Amino acid sequence: MAPQYAPSLRSRLPPLLLFLQTGFIVIYAFYTDIEGYVKERDGNTFSNFYPEFQDVNVMVILGFGFLWTFLVRYGFSGAGFNLLVAVVATQCAVILNGIDSWYYRGKIRINLRSLVDAEMCAASALISIGAVLGKTNPVQLVLMALLEVSGFVLNEWLLHTLLKVRPLKDMRLHIFGAFFGLMLTWILHRDGSKQQFEKEKFGRKTGLFSMLGSIFLWMFWPSFNSVLVDAHTPGRKLDAVCSTYLALAVSAVTAAALSVLSSPKGKVNLIHMHSCILAGGVAVGVSISGVHQPWEAMAIGFTAAVVSTIGFRYLKNHMLRAFQCHDTCAILSTHGLPGLLGWLAQLLLQIRDCDNHTMAIRFAVVHICTVLFTISLSVAMGIITGLLLKWNIWRPSQDRKCFDDQAFWEFPRLAVRK
């Protein structure tokens, strides 16, 4: 029997990328303008804001790029497709976020703040990639990113229009990305996932590169959370940095302890470490507006690590067996559950600080409606995107070619002589 090769993407990927890039160039040529010689909208000049932009850029490109390289035969795709999706999604998000500016001013203003906002939208798509990592081709990933970024921006506009609120992007990107990815992998379920895919394995070298990505994310997460804080309030950025660092430190220690406790052999699981140590940063980033004391951040980080580690150990397999939802990187445990925990912590802390009971009730109602609306829209967009990506026109890989770089990358030494 002749060997089955992965379907060629020559007639799919190049036309899609060239069409998108040409369209972006035309839109940027006629409808955008770089905003120079003025202060950013939060009062920061270029020299003050550029380090924060650089930190976010490192997280998006290097952090997530290396984080997705833990699969033994999917390192090229994990890092390479992460970069491809990130730059496409960022260019798209700059346009979508600037529609209001275009409508009122005639031009989309581009500055460091708009680039950071766009990269945060792209981060939501990168989180969702973790759920379908190894089971989709680059054409599907690019289309997924475009649709998710559109849904993410639409969610912000609807919340501002209907509920008159502007929640932090950090709250929405983790929750939106996690539930979008879960619905996507549920719709794109493969029969091969009932039993572990042949090439879905964890390697020592790839695990080291993946841990390097986690370290990048861990180091720069305080900057990521501080960007979201209003700089007009004195001391708030410093509070955000300190609170995030403490939460990350506590979650790293707790994840190591629980990893050993949950292991039958009493050893540390590297997969737990490179994912669950970030849970504190996720949770405290969502609740940053309500955290004012160091112990609050540490308590949130501790609880997030407990929830994330236990979920990573047990929830992933139960999701597959009960709901046929194969979450490759367990993004529900890494981003979804810590994000919901941070949302709950913010709700409780804000109610505690309210002196007026009427205002407390009103805040609770709006806060609950915000998260329910975000989850509902992410689930709906995930289902729609999954149904679209399920079409055979995108040439999905066979089960036996999942988690394999050879399906998409050239390896001269492994070339087959005909």
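Note: Cβ is positioned from N, Cα and C throughout, glycine not excepted.
As given in TrEMBL:
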| type | residues | note |
| --- | --- | --- |
| TRANSMEM | 12-31 | transmembrane segment |
| DOMAIN | 40-390 | domain 'Ammonium transporter AmtB-like' |
| TRANSMEM | 56-76 | transmembrane segment |
| TRANSMEM | 83-103 | transmembrane segment |
| TRANSMEM | 115-134 | transmembrane segment |
| TRANSMEM | 171-188 | transmembrane segment |
| TRANSMEM | 208-224 | transmembrane segment |
| TRANSMEM | 244-261 | transmembrane segment |
| TRANSMEM | 273-291 | transmembrane segment |
| TRANSMEM | 297-315 | transmembrane segment |
| TRANSMEM | 361-389 | transmembrane segment |
For the transmembrane segment (171-188), which partner among 12-31, 83-103, 115-134, 244-261, 361-389 gives the most CB pairs under 8 Å?
361-389
For the transmembrane segment (56-76): best-contacting stretch of 12-31, 83-103, 208-224, 244-261, 273-291, by Cβ pairs under 8 Å:
208-224
Cβ pairs under 8 Å with the transmembrane segment (273-291): which stretch of 12-31, 208-224, 361-389 has the most?
208-224
With CB pairs under 8 Å as the measure, which of the listed stretches 12-31, 115-134, 244-261, 361-389 comes out on top against the transmembrane segment (208-224)?
244-261
